[in-house]
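K.L.:
Just dropping this structure here.
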Amino acid sequence: MSSETVDASTQTERAGRVPLTKAERQALRHFEPGRRALFLAAGVLVLLLGVALPWTGGATGVDILLGASDEALGIGVLPRIFVASVLLFGVAVTALTLIVRRWFLAWVCAFGCGHSVFEGMLAIWTRQTGVDTPGPGVGLVITVLAILFMAVQWFQLAWSRS
């Protein structure tokens, strides 16, 4: 094949393509969550419930975030980082992403919620390995399971882009 033939076929292909309109480019940036939006909204409510329930001893997730928990509970930095991460990615960024429906934010939610699962597992581990400290409460376990559910939903949604 000569270079002229290749150049001619390439030019023919390029001429056959129609440039995308502004509306088509805009549509490519957005996603439609469908039923998954309902699942994610329910996940946000479960996260908020988990943060309101006791995480260890009598301290709720809100108490841990604000540093208002009893010093005798021996709550370290990991549960504080976890509750902040859950509220940031699981609640705030999820709500923003469901409103603006951008693919980029869907990936941010997927990785943010996935990272929060890791932090949650570390938070549970720190509660189980402490000496003379109460173990993880029902709120901490519910929050970890809810953020795991949301991470799975976000990864499925983000990977669904074709």
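Using N, Cα and C of the backbone, Cβ positions are placed for all residues, glycine too.
A TrEMBL annotation is a machine prediction, not a hand-curated record.
Relevant sequence annotations retrieved from TrEMBL are reproduced here:
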TRANSMEM  37-57  transmembrane segment
TRANSMEM  77-99  transmembrane segment
TRANSMEM  104-125  transmembrane segment
TRANSMEM  137-159  transmembrane segment
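Tell me about the setting of these features in this model.
P.N.:
Here the transmembrane segment (37-57) has long-range neighbours at 63-65, 69-70, 73, 75, 79, 83, 86-87, 90-91, 94-95, 98, 127, 133-140, 142-143, 146-147, 149-150, 153-154, meaning same-chain residues at least 6 beyond its ends whose C-beta is under 8 angstroms from one of its own.
Tertiary neighbourhood of the transmembrane segment (77-99): same-chain residues 33, 37, 40-41, 43-44, 47-48, 50-51, 55-56, 61-62, 64-65, 67, 105-106, 108-109, 112-113, 115-116, 119-120, 122-123, 126-127, 140, 143, 146-147, 150, 154, selected by CB-CB distance under 8 Å and a gap of 6+ residues from either end.
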K.L.:
Which residues of the same chain, at least 6 past either end of the transmembrane segment (104-125), have a Cβ under 8 Å from a Cβ in it?
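P.N.:
Here the qualifying positions are 29, 31, 78-79, 81-82, 85-86, 88-90, 93-94, 96-97, 136, 140-141, 143-144, 147-148, 150-151, 154-155, 157-158.
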